[in-house]
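Written out below as structure tokens is the structure these notes cover.
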Amino acid sequence: MTKKAIILLSGGLDSATTAAIALAAGYQLIALSFRYGQRHERELAAAKKIANFLNIKEHHLIEVNLSLWGGSALTDQSIAIPQEGINPDIIPITYVPGRNTVFISIALSLAEAREAEAIYLGINAVDYSGYPDCRPEYLDAFQTLANLSSKAGLEGKAPQLIAPLVMDSKVDIVRRAVSLGVPIADTWSCYQGEVEPCGLCDSCRIRDQALIEAGYPELATPLLKNSRGK
């Protein structure tokens, strides 16, 4: 019997790489993407591209409008996206309250319905500035919840939360993506929803730095490439 897994596919580099890792592990993937009122909704087009590239046949787009109450620069247009660089001492305003908990809960529901063995997550605790729901402790706690709150869990068959990149640096993620043939240029990481990535938000800065260090400057944002060309 083919083993199945759910992949949370945002359209970003991390989730695309995680999807490729899951496929390499022999899973038939079911992808979940979310329109949650994010200003960078452009990532959903990237998610579709990645799903098509990886030949993922079942791809669900779920509407969960977290912008109704805002609380984050990603879901509230009145809050500016920080562009002054990363401050590791604070939880940034780009943190979306409860987002991963909502997403993983829906993934757990789908996993039970499809009898999937695993839920693959592209979360990363190393290069991000303090998101509380991107930590190994959070994953462990949610696994306990899945074990206790589901029929599959009570039968000893709860879907396992797998986050293969959680302790990888972004440079390591870039290298894994390249080794797996992930089309990095088709992924979207920028917090803005413009035609081109801004090159200034935390996500762009982290990605650009990693691409440069890994030896792929041609994949960096136009802003960085232009500045290096001067």
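Yeah, the Cβs are placed from backbone N, Cα and C, and that goes for glycine too.
Summarising the annotation, Swiss-Prot assigns ATP binding site to L9, S10, G11, G12, L13, D14, S15, A16, T17, T18, A19. Sequence-distant neighbours of L13 (ATP binding site) (same chain, six or more apart, CB under 8 Å from its CB) are I173, V174, A177, V182, I184, T187, S189, R207, listed in sequence order.
What Swiss-Prot records for C190, C198, C201, C204 is Zn(2+) binding site. C190 (Zn(2+) binding site) is surrounded by 21 other CB atoms, counting those within 10 A of its CB over all protein chains shown. According to DSSP, C190 (Zn(2+) binding site) sits in a coil region rather than a helix or strand.
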Integer Å distance between the CA atoms belonging to C201 (Zn(2+) binding site) and G11 (ATP binding site): 17
A19, C198, C201 as binding-site residues, winner by CB count within 10 A: A19
Surrounding CB atoms that lie within 10 Å of the CB of T17 (ATP binding site), all protein chains: 28
C-beta crowding around S15 (ATP binding site), within 10 angstroms: 25
Secondary structure at C198 (Zn(2+) binding site), reduced by DSSP to three states: coil
